[in-house]
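S.K.: Would you mind keeping the following structure in view while I ask a few things?
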Amino acid sequence: MDWRWLAICCSLPPSLMMVAMCFMPETPRFLLSKGKRREAEEALRFLRGPDAPIEWECARIEDACNEQGSTFHLSDLKDPGIFKPLLISILLMVFQQMTGINAIMFYAENIFEQAHFKDSDLASVIVALIQVIFTGIAALIMDRAGRKALLIISGFFMMISTTAFGVYFYLVSKTPSTASMSSAAAEPHSDLTWLALASMAIFIAGFAIGWGPIPWLIMSEVIPIRVRGFAGAAVVLSNWGMAFVVTKSFQDMMLWNNYFHLAVAFLTQESLQLENFSSDKRSKIFHKYQDMRRQIGFEIRDMWYNLGPHKIKFIPEMVGPVLEMTLVPEIELRKATIPIFFDMMQCEFHFTCSFQRFENEIITKLDHEVEGGRGDEQYKVLFQKILLEHCRKHKYLARTGENFVTLVVRLLERLLDYRTIMHDENKENRMSCTVNVLNFYKEIDREEMYIRYLYKLCDLHRECDNYTEAAYTLLLHAKLLK
């Protein structure tokens, strides 16, 4: 459906509600509080029907209004009987929004896309349907189960589901490192796509039976009638205020994440790679537009440094895109962007006293980028020179940083050799080079990458009809299984 028609359709319900509200009377309690008994009786007759005993109900409401006494003043908040219920209600609303429910529902489709769920549209519809069903279930069981029990059960299910979703993202992040083992072993976590939907469904179901409706119900049950107007407004304000904070924080993070990925994708697109054109065409493009890759790369670099303390939120997710950008064969771009790696190391070290996540990610991504044709001897030299200069100037990263740079340079040497030899018709040379990389990953204890090259070696043995050697290679993997 076109977005214009969708906007028109969405405008119909509030328009109908606005028209219908013109025919709705004021509430009987409000009318009685203003001394309008006749209007209050008419409102009750409208709500209850012409045969209902409205005089008796009207008298009860009037008695309740008289018992309410004087109007509310801010000084009444000193009374524990008012302050405690109000504080409890506000905290329940704050915690309700801190579950992230609004961010999850608003960006459900984006979350499923980032989780590599194939049909994110259908998944979002299923999640919304589950919310409707379990909200109905909550309405049926709330009075029987009790408020406290449902809040505990709801929190437990949300905790389990978010943990499971985190595990799914962790497994998906590890998929690329094993994705090219062999056709039989490719996409080892593809059978876990159900976990993304199941985790989200359990979270929504857990929220719907407890933390969704119960805070609103408790508010009406614990707040005294005399302050219900002011307190209700304060509680609703806290709810929507916290919803804004959570959603805004989530949106900002997604916005920056999308910006960096989009900018890197633009920079690395085929039509901007000047070295692919003839010298004449390259000269004309450069004379007219300069090298746009350099300009965009400088902008990405500046944006990264402007993130300040928020950088840690993008580590290690941004390691891959930055690596892809630094591998572009433009020397000034490389010189300007390779220092971002040191900044990432420094940032993670500041928060965790190590840069293990950064190291794991760059080793994994570097393997795939070099195998895909990116990287050269010049890159290896620049990487080593620039990062060593930065590390040696740092008080705490001098030794660990130098060890890391040496490790990556050794890996680059082997990967570049491997990429060259893989085009060699001599299968013995290819096997030897594969074993060289495989042993390197074993030496530095990178089990997933080691397994990846075990399968590459196995495929080479099968091509040569060395089935015994292929079986022995698989046995090496089997010994790692627990």
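Placed from the backbone N, Cα and C atoms, the Cβ positions cover glycine too.
What TrEMBL shows for this protein is this:
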type	residues	note
DOMAIN	1-282	domain 'Major facilitator superfamily (MFS) profile'
DOMAIN	441-482	domain 'DOCKER'
SIGNAL	1-22	signal peptide
TRANSMEM	86-107	transmembrane segment
TRANSMEM	122-142	transmembrane segment
TRANSMEM	149-172	transmembrane segment
TRANSMEM	192-218	transmembrane segment
TRANSMEM	230-247	transmembrane segment
S.K.: Please work out the mean pLDDT for the residues of the domain 'DOCKER' (441-482).
M.R.: 89
S.K.: Counting only residues 6+ away from its ends, which parts of the chain sit with a Cβ under 8 Å from the signal peptide (1-22)?
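M.R.: The answer is none.
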S.K.: Mind checking which residues of the chain, 6+ beyond the ends of the transmembrane segment (86-107), have their Cβ under 8 Å from one of its Cβ atoms?
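M.R.: Result: 77, 127-128, 131, 158, 200, 203-204, 207, 211-212, 214-215, 218-219, 222-223, 227, 231, 234-236, 238-239, 242-243, 245-247, 250-251, 254.
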S.K.: Using DSSP, break the domain 'DOCKER' (441-482) down into helix, strand and coil residues and give each count.
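M.R.: Final tally across the stretch: 34 helix, 0 strand, 8 coil.
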